[in-house]
Ligand code: LLP
């Protein structure tokens, strides 16, 4: 990839996505469930760029959304409505109403109070809401605590007993149709055994529900498949899929999965430019034009992203790679070996396709970066760089005399 040319054309900081690799990742996952009814619902939160959603929609992907605006993005990108799932622990009434009216595949319910609310809203619309219930199997996913979701201490889903009561209630309601069962225990999972254990628990529950004539059609195993940021081992998709199939023991529901990071994570980079080098006492800093507002993961989770310098300098030495934001937590990498760098040299921050642009903010009144897609060797802009006018657009009319 000609990063220098891309930097020249589109400026930096710049997100660059390899659409061919995204396609490949989608197909790999889809094919791992070959021979079974399956639906890959890409988790829009990982990267919600419309062109990227359109690429996946064209391949037949479904979408897992966590706000009604994400549902709207998916629809705008050409998704089939019957492949859209709407999850999330705090849906607003208006969002529930819009989701029922939009006739999507199902709403994923996270509490018994929410089930009541969905029933009331469906009744007021005189419609039937298709639902699934998010079960919390109380399994430790062995990942970063901020992205672990399947333990009793986490806010997500309901326990098995509560889920059973909710399914019975839904079955007896004229306005609810329970068609799915769901779990998601965490993100960036490298060891997939916990997913298989969770699948086992939820599959047993599904069998019990069937005995009560609650006819579940979709077995949703969530997302979470991890990627290689540094030296993690690659998840074996065959093993992943086989473990799920064996947990199902012959039950033949459609398997739904909700990958985000696996599809887009390794397919994206953040390209940033060196502004200055500085040394404070003995400590070397490389100040770049990308910052925590562009890529929050290092600051928020201490996440590691490999950083490659496109510079010929020798003399490697340790440095912190930091952005221009007025926070000590504003760094993209710490203690990295880098050659001598000069203003204008480019750095490539790897594995930034997932939860990169999507978590970007305007902190310090910084404009969000542009996004570019590379497909079949050609680059195209898929989101313009923000301008000052975009930052103030919603405020300008309120300035007093
Ligand atoms: N399904 C549900 C219900 C989820 O909550 C998530 C992610 C996914 C699917 C997709 O998970 P994935 O396949 O991408 O692991 N900002 C964090 C990650 C937060 C994940 C939230 N939920 C990060 O940068 O690591």
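For all residues, glycine too, the Cβ spot is worked out from N, Cα and C.
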Would you identify which residue of 228, 261, 385 TrEMBL lists as part of the substrate site it also attributes to 297, 301, 327, 355? 261
Could you look at 224, 302, 313, 400 and say which one TrEMBL places alongside 258, 259, 260, 261, 355 in the pyridoxal 5'-phosphate site? 224
Write out, in the order they occur in the sequence, the residues of the chain not among 224, 258, 259, 260, 261, 355 that have a C-beta within 8 Å of the mean position of the C-beta atoms of the recorded pyridoxal 5'-phosphate site. 43, 45, 46, 187, 223, 225, 262, 263, 265, 354
Top Cα neighbour of residue 301 (substrate binding site) in the set of recorded positions 45, 258, 260, 261, 355: 355
I need the least crowded one of these binding-site residues (224, 259), counting other C-beta atoms within 10 angstroms of each C-beta. 259
Quick one: Cα separation, residue 224 (pyridoxal 5'-phosphate binding site) versus residue 297 (substrate binding site), in Å? 16
